[in-house]
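J.: Next up is a structure, given as structure tokens.
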Amino acid sequence: MEKWRIYSFQKEFERRCGLNSSLGPIETTGEDPNRKDTVKNIQSWEDCDNSSCSNVDHLFGVKDNENFISDDTFVVFDIENQIFEIDNDHSFLNEPFSSYSDRNSSYLTNVFTSEDPYYNRYMYDAQYSWNNHINGCIDSYLQSQICIDTTTVSGSDNDSYDIHGSVCDGESHNSSEGESSSRRTHTKGVDLTIRESSNENERESSNENERKSSNDLDRTKKYRDLWLQCENCYGLNYKKFLKSKMNICEQCGYHLKMSSSDRIELLIDPGTWDPMDEYMVSQDPIEFDSEGEQEQEQEQEQEEEETYKDRIDFYQTKTGLTEAVQTGIGQLNGIPVAIGVMDFHFLGGSMGSVVGEKITRLIEHATNNFLPLIIVCASGGARMQEGSLSLMQMAKISSALYEYQLNKRLFYVSILTSPTTGGVTASFGMLGDVIIVEPNAYVAFAGKRVIEQTLNQTVPEGSQEAEYLFEKGLFDLIVPRHLLKSVLSELFEFHALFPLNQNSNQVEC
């Protein structure tokens, strides 16, 4: 059982937040000289032979305090049994009193005991309320002076205290040096206990966060097919509504990737689409996954388990397409056009021998039938699995366009979407009579990662986007997706390409 001395009632008090300015911190001994004869030994927390005392003054204000005068008041802590009591020589807390006036409101009422089951200790028990008030004051003082958090200074009820803590600078005033060292040793032990408990709390919180993240991941996998995340703002867009919104993000207006079939529906009048060469498929012309290469490049095969043919079959099943481009004839607001639309969802829209052949045949058909030509580009470049055959498509398509544009004087519109890179940018992507680009489209010859790894230089942000390149004169128009069809129609009419129902005798440019 340990006692702390508190001189509380000498005169009318004023409400204070801390100790009296005349008193030092809790580490120093400040005894009233007039009360030296009544000073009692206050046993240490650890050594019963040593003593330590401190005066706590001006904790709260009292207006009517005639009945509360006391010379010696002790705060008694029983740490083992977790008991907090007030020991007073005059036992004034056990005597009935009329009123206790606080600065804000009356705090205590008349004292009486009751056996009623609905008896409220806070309302009718003056000693309990007094203890509760003292506890709150000491709690505030300990937190400000001894740096003990509310999580470490707590009680199961307001009348019992369990104190675990340490002084800020690891010191506490005692009557001897030995007791001081003993106190510091005890403080270190308590600090260790606090750190261990905090580590346990951190581990519990981290485990809880891991469980929450795993649950979120499971939900994400479960509903992944219902939502599409924006590449720009990372907002979620409901897939069923995307098609009606032309694959434009609802949050930021960013133009998301669009399948070739959706683009055909966007540009071509309903019921006028006539596909060309839709059954032409790739046959692995250079045998990219031959046995000789497998023996020489075993490490690469471990990383890429699927062969080129397997990947072709996979994307054919996933997209419902035979290759990375769709070509055909249709009408745009009644104007007959030859159009080719690349699909980035099929092997990144890479250009292989089949893609090059289909585009070349489309250009030749438009040349022979005097049709305007539209090619929508969305590609990562030449297809590496076909080697030099894929690079050859650049020259083949460019030769067909030379005949179409220069010899026949026909009109070719190139539409660049995100991303358009590599061999497509270096060939037919930039050969249009009018080059249109979508907002924020990524257009480049070599990607940012390739440039930085090759030249060991940082590529500035935004230097390969449509707006920056448009300022440099690389494109003619930046057209949002919802205005694209009307802009194309006006361009064709400007070049004397009218709908069939208005003028049967079309004049070719």
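Note that Cβ sites are derived from N, Cα and C of the backbone, with glycine treated the same way.
Here's the feature list from Swiss-Prot:
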type    : residues               : note
REGION  : 164-216                : region 'Disordered'
DOMAIN  : 226-509                : domain 'CoA carboxyltransferase N-terminal'
BINDING : C230, C233, C249, C252 : Zn(2+) binding site
ZN_FING : 230-252                : zinc finger
REGION  : 288-307                : region 'Disordered'
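Distances, neighbours, how buried they are, the whole picture for these features please.
T.: Averaged across the domain 'CoA carboxyltransferase N-terminal' (226-509), the predicted model reaches a pLDDT of 89.
A simple way to gauge crowding: the CB of C252 (Zn(2+) binding site) has 13 other CB atoms within 10 angstroms, across all the protein chains here. Under DSSP, C252 (Zn(2+) binding site) is assigned to coil, being neither helix nor strand in the three-state scheme.
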J.: Other than C230, C233, C249, C252 themselves, what residues in this chain have Cβ atoms within 8 Å of the centroid of the Zn(2+) site's Cβ atoms?
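T.: Near the Zn(2+) site, beyond C230, C233, C249, C252, sit E231, N232, Y234, G235, N237, E250, Q251, G253, Y254.
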J.: Using all protein chains in view, find how many other C-beta atoms are within 10 Å of the C-beta of C249 (Zn(2+) binding site).
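T.: So the Cβ neighbour count for C249 (Zn(2+) binding site) comes to 21.
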J.: Just name the most isolated of the binding-site residues C230, C233, going by other Cβ atoms within 10 Å of its Cβ.
T.: C233
